[in-house]
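Heads up, the thing below is written out as structure tokens.
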Amino acid sequence: MEERGSPDGDPARNLEQGPEGPETSIQVVLRVRPMSEAELRRGEKSALHCSGTRTLQVTPPGGGPDVAFRFGAVLDGARTQEDVFRACGVRRLGELALRGFSCTVFTFGQTGSGKTYTLTGPPPQGEGEPVPPGLAGIMQRTFAWLLDRVQQLGTPVTLRASYLEIYNEQVRDLLSVASPRPLPVRWNKTRGFYVEQLRVVEFGSLETLMGLLQLGLSRRRSSAHTLNQASSRSHALLTLYISCQTPQQMPPVDSGAPPAGGKLCFVDLAGSEKVAATGSRGELMLEANSINRSLLALGHCISLLLDPQRKQSHIPFRDSKLTKLLADSLGGRGVTLMVACVSPSAQCLPETLSTLRYASRAQRVTTRPQAPKSPAAKQPQRLETEMLQLREENRRLRLQLDQSDPKASAQSGARLAWAQRSLYGMLQEFMLENERLRKEMSQLQSSRDLARAEQRVLAQQVHELERHLHSACYLRQPGPGPAPPCPCGMGPAPLCHALPPLCSCPCCHLCPLCRAPLAHWACPQGGRHLPQMLTPEAPAGVPLSGRPPPWAPPCSPGSAKCPRERTHSDWTQMRALAETLTEEEEVAPSAPPLPVGPPDTSPALRASDHSCPRGREVAAPPSAVPASQRQLKQRSPEPCRPRAHPAGRHPSAGELRALSDLREMVQPGCGVHLPVAEEDQGQDGREHAGAGRGDERDGDQHDQHALAVSVGPQVACPVWPPYIELPAASTLPNPLCGLGRPQAPLQPSGAQPGNPGGQQGSRASSSPSVPCCARSLLSPTCSLLPTPHLPPLP
Ligand SMILES: Nc1ncnc2c1ncn2[C@@H]1O[C@H](COP(=O)(O)OP(=O)(O)OP(=O)(O)O)[C@@H](O)[C@H]1O
């Protein structure tokens, strides 16, 4: 019979293509044993028919179409042991093992199907009696071939052998010196799964090897059951380790380390069995269960190995000792040959079909055999070794370089470390300082806001206090007596001296109207206050905000309140109010305005056309005062009120309040309010004219003295100096307007001759007032500046 290893031909030829050659399928050979005598006696029919050398047809006993199975080789019952050995191509596997490949031959099938018979021949007929050579199985024939082959090679080849069985999931060493005992199965990266402390026996002759085989077979567990009188109850693995190295090159052999090189493994699996069919009881049933479980695990792994994708993932080889030890043969780098054994009896057809399906799946499992390390194959390893050497040399040179200049290296390292620490420290310091500054800035901003709010409140309080203080100072100003009227005959004259427009005169301490000495507080350096108020330039380098207001009393040197700070807004508001106030034309007099005089009227008199409220209060000469003006003496002084706004509207309540406040400020001491005529409020000039006509009719019955006398005391400024009366028949020019001048020196009214009591009525009768020019009547309400060319007092 032609020797065939696989359907694809010689497996060894394919594997010799290279160490990383294509995947190789598991070789499967089907052997059908002949009908046993027992089966023939029971009349059982054969259900299997071999069709050619590679196809098996299964004929169901109940009828139906045949089922064909195709394997690498199909051997019927007529094939001898030699035919099987040749058909399986075991010698080719032996050649691969000699070249370093790992090869496995194992048999599987139903119990009693002839597995043991195929591998080792019929069971020994007696103790120590060898198997007849014609009935020898694959193992004996391989042993003989291998030893002959080794002798033919002429090179030293070391042969070792181990023999174990897996009985009830326990590995037992069949070649152990002592009685077999369970051995552990280990795994490492280089060896994969291996049996620890497994005895590996070196042999050099076929007899020795045959003796080891007989020893193992004799120790292997077997029992008799219905289907097999010598049924194996364990899986047996005999491994030949083949090494072509010289003895000098071979590593020392210890008890646990197998020799390197190829190997050839023979696996005699225990047969699957149905407990009901075999009638196993007790221990047999336990053995059958263990056998079936391990075979089931093996079949599961084979099924998983069929899927290329799942093959790269996890394969449960650890499920049993059998799959662990066959892992390398099934899914690793080995070359595997499977011999499926079946019974031809139709009574065993279910188990036979199961074996056929099992074998069909197995022959689709592929492995990638790993070639032995050839010189070409060792090239990557050599390069890897060289790379490692270069790395080591590089490391050594670096170390030498550092050692050659340790100080410089140390300094460089120290500088680098210092720089890193310094930079890191600086960064930390900057971050901390930045954080601190942020907090401080936030606190300062909060403090600034609080201070501003407090400043506003304090400024308001100071302002109010100043107003009250000034009022109190004026009221409590120690004076010589009751407030006299204006010495220039303008008895009801308000505090024109204190008003900024009237305080710009160079007299400084003299009333700009009457040239009378002013109280120190009444016109304190008026010539300096006014420019300060009206001009932003600061004389003498005094800041604008640092100067006292023009109405403020003179501060004592060294007083903390003297350089009172004023904000720009205060001055701006004050200036605006002052300008509003000085727009005297906007303030309506309490009496009708003086009529326009004749064409020859002096300009001074025409100046009275201005609506100065005091124009009517001045004792003007009859020729200069219209008759209608005389009626004014009968009128009680009425407070002024603003005229209509230039823009054609009446001032608002806020403006009125602001104006009143400013008046209060500019006249803080005297308490005289600017007259505001209620009846004229909001009226046009016609009503004033009508009133004026009425006054004119009544004014014919009064003289100018009566006018002055009656009007003066009512509006006398309470803070003026003692009353100074001007002589009526004055021949001297008036110091203010030059129209007249008192013959006698100015004297207080109380000391005037002929009027010791200082009665105003006597003054009115004895010394008519000198008609003062209307310009001299300028008041805060008319905003007319005093006459700059007033002649000085004698
Ligand atoms: N090809 C064959 N030619 C002649 N007899 C055979 C053949 N195969 C098997 N037998 C006989 O069949 C019987 C059972 O064989 P064997 O013990 O090898 O079966 P097995 O599969 O190993 O069974 P088990 O699994 O129980 O160990 C044996 O008596 C054996 O001699």
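Every residue, even glycine, has its Cβ placed from backbone N, Cα and C.
Here's what TrEMBL has on this protein:
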type	residues	note
BINDING	Gly109, Gln110, Thr111, Gly112, Ser113, Gly114, Lys115, Thr116	ATP binding site
COILED	427-454	coiled coil
COMPBIAS	1-13	compositional bias 'Basic and acidic residues'
COMPBIAS	369-380	compositional bias 'Low complexity'
COMPBIAS	546-556	compositional bias 'Pro residues'
COMPBIAS	590-601	compositional bias 'Pro residues'
COMPBIAS	607-617	compositional bias 'Basic and acidic residues'
COMPBIAS	618-628	compositional bias 'Low complexity'
COMPBIAS	683-705	compositional bias 'Basic and acidic residues'
DOMAIN	25-365	domain 'Kinesin motor'
REGION	1-24	region 'Disordered'
REGION	362-382	region 'Disordered'
REGION	538-567	region 'Disordered'
REGION	580-652	region 'Disordered'
REGION	676-709	region 'Disordered'
REGION	739-772	region 'Disordered'
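Apart from Gly109, Gln110, Thr111, Gly112, Ser113, Gly114, Lys115, Thr116, the residues listed for ATP, the same chain places the Cβ atoms of Arg33, Thr107, Tyr117, Asn228, Gly271, Cys341, Ser343 within 8 Å of the centroid of those Cβ atoms. For the coiled coil (427-454), the predicted model reports an average pLDDT of 90. Contacts of Gln110 (ATP binding site) defined by a Cβ separation under 8 A and a same-chain sequence distance of 6+ are given as Leu227, Gly271, Ser272, Glu273, Cys341, Val342, Ser343, Cys348, Glu351, Thr352, Ser354, Thr355, in order along the sequence. When the binding-site residues Gly109, Gly112, Gly114 are scored by other C-beta atoms within 10 Å, Gly109 scores highest.
A 10 Å cutoff on Cβ-Cβ distances gives Lys115 (ATP binding site) a total of 27 other Cβ atoms nearby, all chains included. Among the binding-site residues listed (Gln110, Thr111, Ser113, Lys115, Thr116), Thr111, Ser113, Lys115, Thr116 have a CB atom closer than 6 Å to some atom of ligand 1, in sequence order. Sequence-distant neighbours of Thr116 (ATP binding site) (same chain, six or more apart, CB under 8 Å from its CB) are Thr107, Pro123, Gly137, Ala230, Ser232, Asp268, listed in sequence order.
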